[in-house]
Amino acid sequence: MNVMDTRATSAMLYLDGVHVSFDGFHAINNLSLTLEPGEMRAIIGPNGAGKTTMMDIITGKTKPDEGTVLFDGVTDLTRLDETRIAELGIGRKFQKPTVFESQTVQDNLLLALNVDHSVRGTLFWRGSRAESERIDKVLETIRLTDARNRLAGSLSHGQKQWLEIGMLLAQDPKLLLVDEPVAGMTDVETHLTAELLKEINKTHTVMVVEHDMTFVRELGVKVTCLHEGSVLAEGTIDQVSSNERVIEVYLGR
Amino acid sequence: MTPHMLTRSLDRGATIFLAIVAACGILIPLSNLLLPAGSFLQVPTYLVALWGKYVCYAILALSIDLIWGYCGILSLGHGAFFALGGYAMGMYLMRQIGSRGVYGNPILPDFMVFLNWEKLPWYWYGFDMFWFAALMVLVVPGLLAFCFGWLAFRSRVTGVYLSIITQAMTYALLLAFFRNDFGFGGNNGLTDFKDILGFNVQAEGTRAALFALSCLALIVGFLVCRAIVSSKLGKVLIAVRDAESRTRFLGYRVESYKLFVFTVSACMAGVAGALYVPQVGIINPSEFAPGNSIEAVVWVAVGGRGTLIGAALGAVVVNYAKTFFTSGMLAPYWLFMLGALFILVTLLLPKGIVGTFNSWWESSREKRLAGVAASAAAEDGITEPKLAEKRS
């Protein structure tokens, strides 16, 4: 059977009518959103708009009360757990950089590589040339080649953010969810991160959650503004930031 | 274990440790057997048996360090696996008594005759064969750990909750083994052993051989642990310990990893218990006491969590202290001292003996390297000293 026949949608990610509430608080309220393959989308919204909860739903950490979440047109993500979703090809960078602090930069990337993740595979693992070349390439991309043998815990905040992006690259997922990649970065680092994400977007579908408007503007992609768990506005950064309701709830001008 | 795993797991510390254990395993039995009694260098038989007990404790400590130090699973019930291994060996030793028991029954152990049991319960079948008992030493603790872990890890029970249910597990077993109708000798447990594989368990030669075997088991157990922690699986375990949910988002099935390492650890604890029983001559339900398991965790903390060598060292040091203090006038205060030791180590030496030594060694080496690099740079005009030595 042709796979295309079974696809409900051409979108890489398709959310429709998603609801989640925690103890009566509606974190996500009738959220509908689609991401086309190869697209990069910036998600903005005030605190509590449901940005992180949305990522939790996509990655299987939180189960929605109702609604459809389809990945790659065919896979219902609401039925799968985190590990399975990661195996399918959805990678996530957390808001707070989460790297394995007591291990070296190189080992962090090694752990992230999308190779055999079974107990037996890792127990009898022996390094291969292809693997170390991939790690070298990622290290170069994230500019951490000189720090490869340092413990990840000893990196600066910005470097940790980059290492986490590097881990995403090593994971090589179809869809990257990037939560606040430039939080706590200097202007130069922010600029470099935008460049890096644009580079990554050439081969991957990316969703970026970010507060930093300069950064979002620099990405130059379609923007979705969330508010109280649903989509408030969608369009270019100029359209969205001139939308009166967006100004009201978010920009506060 | 493949050759590359073996070479990868042997760093300098590991090699030194193994050499010391091997030397003890060979020299102590030889000195006990070959030198004349009373000679300055002769190790008396009672010490061989006592040290043999310490070596078994070291294996238990190693098994705890594997899961706690590397995977963050704090089991406060590991004594249960140790005791189950011990009971499996004890059952074999009971069946070896045969008609030499007080009641002279060729099949039934004395306590069963005493309870007016007519025939051997089914779960005692096969324990007259050494190979079967040896298999059960691994299978029974391993199977219990597998079932327990399967339920606990799949339900994502972690941290203090997991520790509490492991305590409950060992306590439940304690109560069960206390019962006479459970079929394991109740309160008295299994004792009065006569021989093992045809050798008298009390004989000097047997004790020396058991000591050597315990050292061998410690070596094998250490190598297995090293092979695990120095493989990529070891890196995954540390990742789970440090950031469990992050590991899941990378696509690792965390519960499978925990289950694997927990089961391996339980089997090791079982072996330790099996070697312990013939050397101390008894196994009874008190081995399941929650306090025992907690004490074993203290050994690991004292020696240094996540270092393996530290766990073994901690077990020997703390137990030596225990023997020393409980045999004098300080005996009633031993538990207070143990508690104080735990508090002091947690406050002053959070990395334990070996962990603290390792950090001191690392930092002094880095200083030396920095000194060398600085002088070399001064000579050659190199500006960037490469200090980032890979930690091995």
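Glycine is no exception: its Cβ is also placed from the backbone N, Cα and C atoms.
Under the heading transmembrane segment, TrEMBL lists B:14-35 (among others). With a cut-off of 8 Å between Cβ atoms, the residues of this chain six or more beyond the transmembrane segment (B:14-35) that come close are 41-45, 48, 51, 204-205, 207-209, 211-212, 214-216, 218-219, 222-223, 226, 308-309, 312.
Among residues of the same chain six or more beyond the transmembrane segment (B:47-70), those with a C-beta under 8 A of the stretch's C-beta atoms are 24, 28-29, 32, 78-79, 81-82, 204, 207-208, 210-211, 214-215, 217-218, 221-222, 225, 228-229, 234, 237-238, 241, 261-262, 264-266, 268-269, 271-273, 275-276, 279-280, 296-297, 299-300, 303, 305-308, 310-316, 319-320, 323. For B:47-70 (among others), the entry in TrEMBL reads transmembrane segment.
As annotated by TrEMBL, transmembrane segment applies to B:76-94 (among others).
Here the transmembrane segment (B:129-153) has long-range neighbours at 80-82, 84-85, 87-89, 91-92, 162, 165-166, 169, 196-197, 254-255, 258-259, 262-263, 265-267, 269-271, 273-274, meaning same-chain residues at least 6 beyond its ends whose C-beta is under 8 angstroms from one of its own. Among the features that TrEMBL reports, transmembrane segment is placed at B:129-153 (among others).
Summarising the annotation, TrEMBL assigns transmembrane segment to B:160-178 (among others). A Cβ distance under 8 Å defines the sequence-distant neighbours of the transmembrane segment (B:160-178), meaning residues of its chain 6+ beyond its ends; these are 73-80, 83-84, 87, 148, 152, 184, 186-187, 189, 284-286, 288-290, 293.
Residues annotated as transmembrane segment in TrEMBL: B:208-229 (among others). Packing against the transmembrane segment (B:208-229) from elsewhere in the chain are residues 1, 5-6, 8-10, 14, 17-18, 21-22, 24-26, 28-30, 32-33, 48-49, 51-52, 55-56, 58-59, 62-63, 65-66, 70, 199, 237, 261, 264, 268, 271-272, 275, 278-279, 308, 312: each is 6 or more residues past its ends and has a CB under 8 Å from a CB in it.
Taken from TrEMBL, the feature transmembrane segment covers B:256-277 (among others). Beyond its flanks by at least six residues, the transmembrane segment (B:256-277) meets 52-53, 55-57, 59-60, 62-64, 66-67, 70-71, 73, 75, 78, 81-90, 93, 134, 137-138, 140-142, 144-146, 148-150, 153, 190, 210, 213-214, 217, 221, 224-225, 228, 233, 236-237, 240, 283, 287 of its own chain at Cβ-Cβ distances under 8 Å.
If you look up TrEMBL, you'll see B:297-321 (among others) marked as transmembrane segment.
Within its own chain, the transmembrane segment (B:333-354) is flanked in space by residues 295, 298, 300-305, 307, 309-310, 313-314, 317-318, 321-322, 325-326, which lie at least six positions past its ends and keep a Cβ under 8 Å from the stretch. As annotated by TrEMBL, transmembrane segment applies to B:333-354 (among others).
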Within the same chain, where does the transmembrane segment (B:297-321) have neighbours whose Cβ lies under 8 angstroms from its own Cβ atoms, ignoring anything closer than 6 residues to its ends? I mean 6 or more beyond.
13-14, 17, 21, 53-55, 57-62, 64-66, 68-70, 74-76, 78, 218, 222, 225-226, 229, 337-338, 341-342, 345-346, 349, 351-358
Six or more residues out from either end of the transmembrane segment (B:76-94), which same-chain residues have a Cβ under 8 Å from its Cβ atoms?
60, 63-64, 109, 124, 127-130, 132-134, 136-138, 140-141, 144-145, 163-164, 166-171, 173, 177, 184, 189-190, 193-194, 196, 201, 265-267, 269-278, 283, 285, 287-290, 292-294, 296-297
